[in-house]
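Structure below; questions to follow.
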Amino acid sequence: MRTHYCGHLNKSLAGQTVELCGWVNRRRDLGGLIFIDMRDREGIVQVVVDPDMADAYAVASQLRNEFCIKLTGEVRTRPESQVNKEMATGEVEILAKGLEIINRSDVLPLDFNQKNSEEQRLKYRYLDLRRPEMSDRIKLRAKASSFVRRFLDDNGFLDIETPVLTKATPEGARDYLVPSRVHKGSFYALPQSPQLFKQLLMMSGFDRYYQIVKCFRDEDLRADRQPEFTQIDIETSFMTSDQVRAVTEKMVREMWLELLNVDLGEFPVMPFSEAIRRFGSDKPDLRNPLELVDVADLVKDVDFKVFSGPANDEKGRVAVIRVPGGAELTRKQIDEYTGFVNIYGAKGLAWMKVNDRAAGMEGIQSPVAKFLSEDVINGILERTQAESGDIILFGADKANIVAEALGALRLKLGKDLGLTKEGTWAPLWVVDFPMFEEDDEGNLHAMHHPFTSPLGLTAEELKANPAPAVSNAYDMVLNGYEVGGGSVRIHNAEMQAAVFDILGIDADEQKLKFGFLLDALKFGTPPHAGLAFGLDRLVMLLCGTENIRDVIAFPKTTAAACLMTDAPSVANPAALEELAIAVTVAKEKSAE
């Protein structure tokens, strides 16, 4: 039906007759001539309809926005004075010779010329995707997927599919369950990841595997999460963690170079402990210059329990953030930041303004200065390298609360005060994660997943002292987002059973849930390691947006609902009966 896309037309085609198909982006009547901005997925071109072309003019007079049309016309160069430098096709226009209405359009429930609510955009997603901004994002996603396949194919990886209907395994989130009609009372689980299957593929000898795959997690959502998401899943045999990081870093660097013409440079490597100590996060945004500085040793003897208490607690921490120019913050702003850290469990936010460093104590303004000696204050100023005009913000509590609260505050301050270098890229690898994390009851849980190998320990050594164990795991972080995570896997049945034991999974449960894996580990399993990227998150960063819904064609809301199709919906009673399922919905208590 067409010979060209609208957005591909240029001066080299001048004088040629082209056939275009697309939509009316805008129509204007000017002095007898009708101008149409015609749009398709590749862009917009201006069409001129002259009254001398009577048939085309009659059709053009009927056009309204979003009519679907077909056009036959001649490409001509615009006069220099009429070139539109804002359009990729701005040097040319099409003189209409034939015009056909393929389909008319009702008045749209969306206004493409102003901001629509996200609810409306999701309800009429098929219309929202017509907007050039959205179309460009989906096209960039397609290019990213194509690049990944090409890169991994060229590096000897095999694209192998794994099951979607599988067995529930503990991976940190709730499973989406699918009832079996044949095996009544039994359920499949939709995979949270292909983790075990890709490990089994290594045991099968396939050596290098990848898959761009849908995964499902029934968890509380946020801007960068969806109940169904797409993973670039990778697994290798006979490769070290350094080698896995090298090939996947190369993939991301080449992707950014090809799609954005940006050289990310070599990724620095940072241990987990350093990331938490300096930035309060295991996914630090290195575009932000603010850092956490520990001062517990300076305040452990002060007569101020808010500081000395955590400073003398082995699980406590006292740290500060020096904010350049922060002395200009008003009391109201400081109170707002105090309320912000309260969200993360902090009880307050002590502060110290350095109005004049040269003036000594007289140049210090702080509600806690009276509790601190001049030596302590000078020690804090020296350690933070504070200058006149700065403010120092304190966190004093359990170490995890200080890290989380000040880590979040660091990001907020960076954004609010313009300290974060927008428009730049700051990748890194975070490595050497703790193998386990402890809950409030003292129980250990796998920080990543229970198939991650410990670093430099035998099964006996791990069982003897599991709490301080470090895992052979690694995360790729870009601008404060974890875009990929992986590890060296356990390839020994004894070690895998030891990890299950530590996690409180007894022998019977091990056999029930993971018997197939433990059996497979007995048959010459090769050492293997892998990594999975979140494709949605990678594309979100490529597109410069902050919400993965912007880069998914048909996303769900934060309530895991599809506003367009009204999914999820109530099932047909006959279908439920065939599945031997009875649905009970708890009734809300009526107000008394």
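Any Cβ shown, glycine's included, is placed from N, Cα and C.
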According to Swiss-Prot, Arg217, Asp218, Glu219, Glu482, Gly534, Leu535, Asp536, Arg537 bind ATP; so which of Gln226, Gln496 is the extra one listed there?
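Candidate listed by Swiss-Prot for the same site: Gln226.
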Looking at the candidate ranges 195-198, 303-306, 435-438, report the one that Swiss-Prot labels region 'Aspartate'.
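Feature region 'Aspartate' in Swiss-Prot: residues 195-198.
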Near the region 'Aspartate' (195-198), which residues from the same chain, at least 6 beyond its ends, have a CB less than 8 A from one of its CBs?
162-163, 166, 169, 171, 209, 211, 233, 235, 449, 451, 517, 530
Enter the number of other CB atoms within 10 angstroms of the CB of Glu219 (ATP binding site).
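Counting Cβ neighbours of Glu219 (ATP binding site) within 10 Å gives 14.
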Closest of the binding-site residues to Leu535 (ATP binding site), Cα to Cα, picking from Arg217, His448, Arg489?
Arg217
I'm checking region-level scores; what's the whole-number mean pLDDT for the region 'Aspartate' (195-198)?
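95, rounded to a whole number.
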If you count other C-beta atoms within 10 angstroms, which of the binding-site residues Arg217, His448, Arg489, Arg537 is the most crowded?
Arg489
